[in-house]
Amino acid sequence: MFIMNLLLYIIPILLAVAFLTLIERKVLGYMQFRKGPNVVGPYGLLQPFADAVKLFTKEPLHPLSSSVLMYTLAPTLALTLALTIWTPLPMPYSLVDLNLGLLFILALSSLSVYSILWSGWASNSKYPLAGALRAVAQTISYEVTLAIILLSIMMINGSFTLKNLIITQENMWLIVPAWPLAMMWFISTLAETNRAPFDLTEGESELVSGFNVEYTAGPFAMFFLAEYANIIIMNALTTMLFLGPSFNQDFTHVNTFTFMTKMMILTLTFLWVRASYPRFRYDQLMQLLWKNFLPMTLALCLWFISIPMALACVPPQI
C-alpha cells in the first residue's frame with residue numbers, strides 16, 4: 001500500500017513538471033509576441049510527451065575521459081532528491097508526518113549541491129567544471145539566507161512541524177508581519193533553483209550550457225526534471241511558510257486546490273521574472289547575498305527572537 005501511495009505521489013509530480021516546461025515556453029512566447037509550441041497536439045499540449053519520447057529513446061553517451069559511475073549517479077541523485085523532498089509536505093495530508101519536516105526539506109535541498117558538483121567533476125571537461133563550481137558557490141551561499149529565514153519563521157511558528165504552520169496562519173498570513181523575509185525568501189529561492197536572473201551556471205555565452213554540457217538523452221532529461229521539480233517544491237514551501245494554507249476538515253479537496261492555486265501563481269511569477277530581467281554578474285550575485293541579504297536576515301531573526309520575550313508571550317504550541 002505504501003508503494004502505491006508513493007507512486008500516486010510521484011506520477012502527478014512528474015506530470016506537473018512536464019506541463020510546467022510547456023507553460024514556461026508558452027508564457028515566454030506570449031511575452032515575446034510569439035506563439036510558443038503549437039504543432040504537437042491541440043495548442044501544443046502534447047509537446048512535453050514528444051520531448052520525453054525523444055529524450056528517453058536516444059542513446060545516452062558519455063565522454064571517453066569521464067568517470068562513468070559518478071557521471072551516471074549525478075542525475076539519478078538529483079531526481080531522487082527532487083522527488084523525496086515532497087514527502088513531508090502537508091497538502092493537507094503528508095506522505096510521512098515528520099516532527100522536523102522543515103529541517104528535512106532544508107537538508108535535502110542542500111544535498112542537491114552534490115549532484116551538481118559530481119556532474120561537473122565527472123564530465124572531465126572545463127566548461128562543466130566551471131559551471132558546477134559556480135553553481136555550488138551560489139547554492140551554498142543562498143542556503144545560509146534560507147536557513148536564517150526558516151529559523152525566523154520557526155520562532156513565530158513555535159516548532160519545525162509543517163502542520164503547525166497551518167494553525168499559526170489561521171487568522172493572518174505570515175507574509176503580512178514578515179514581508180521583508182518573504183521578499184528575501186522569494187529572491188533566494190530564485191538563486192537556489194538557478195533560475196533567471198541568477199542562472200549563472202547556464203550562461204550560454206560563457207559556459208555553453210553549464211554543468212550539464214556533456215549530458216545527453218535520459219540523464220539530461222533527469223537533470224531537467226529535477227530542476228523543474230525543485231522550482232515547484234520551493235514555491236510549495238513559500239506557500240506553506242507565508243501564504244497560509246487553509247485547512248477545513250470537511251473540504252480537504254478545496255484545501256488542496258487553494259494550495260495548488262497559490263503555488264501555481266508563484267511559479268508563473270518565476271517565469272515572469274525570467275522573461276523580464278537580464279542575468280546578474282557574478283560579483284553582483286554574491287554582493288546581493290553577503291552585503292545585503294545576510295545582515296538584514298540576521299537583524300530580522302534577532303527581532304523575531306526578541307519580540308515574544310519582550311511581550312512576555314510564547315509561540316503557539318501543539
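Cβ atoms are placed via backbone N, Cα and C, with glycine included.
Under the heading transmembrane segment, Swiss-Prot lists 3-23 (among others). Sequence-remote contacts of a segment are chain residues at least 6 beyond its ends whose Cβ falls under 8 Å from one of its Cβ atoms, and for the transmembrane segment (3-23) they are 37, 44-45, 47-49, 51-52, 83, 86-87, 95, 224-225, 228-229, 231-232, 267-268, 271.
Annotated transmembrane segment per Swiss-Prot: 68-88 (among others), in sequence order, evidence recorded as sequence analysis. Counting same-chain residues at least six beyond the ends of the transmembrane segment (68-88), those with a Cβ under 8 angstroms from any Cβ of the stretch are 9-10, 13, 62, 94-98, 101, 104-105, 108-109, 111-112, 114-116, 118-119, 121-123, 162, 214-215, 218-220, 222-223, 225-227, 229-230, 233, 236.
Same-chain neighbours of the transmembrane segment (100-120): 70-71, 73-75, 77-78, 81-82, 84-85, 88-89, 94, 128-133, 135-136, 139-140, 143, 146-147, 150, 154, 160-162, 192, 201, 211-212, 215, 223, 226, 230, 233, 237, counting only residues six or more beyond its ends whose CB sits under 8 Å from a CB of the stretch. For 100-120 (among others), the entry in Swiss-Prot reads transmembrane segment.
Taken from Swiss-Prot, the feature transmembrane segment covers 136-156 (among others), and the record attributes it to sequence analysis.
Tertiary neighbourhood of the transmembrane segment (172-192): same-chain residues 109, 138-139, 141-143, 145-146, 149, 152-153, 156, 165, 198, 230, 234-235, 237-238, 241-244, 266, 269-270, 273, 285, 288-289, 293, 296-297, 300, 304, selected by CB-CB distance under 8 Å and a gap of 6+ residues from either end. Residues or ranges marked as transmembrane segment in Swiss-Prot: 172-192 (among others).
Feature annotation from Swiss-Prot assigns transmembrane segment to 223-243 (among others); the stated evidence is sequence analysis.
What Swiss-Prot lists as transmembrane segment is 253-273 (among others), and the listing cites sequence analysis.
Within its own chain, the transmembrane segment (293-313) has Cβ neighbours under 8 Å at 144-145, 148-149, 151-152, 155-156, 178, 180-181, 184, 187-188, counting only residues six or more beyond its boundaries. The transmembrane segment feature in Swiss-Prot is assigned to 293-313 (among others); the stated evidence is sequence analysis.
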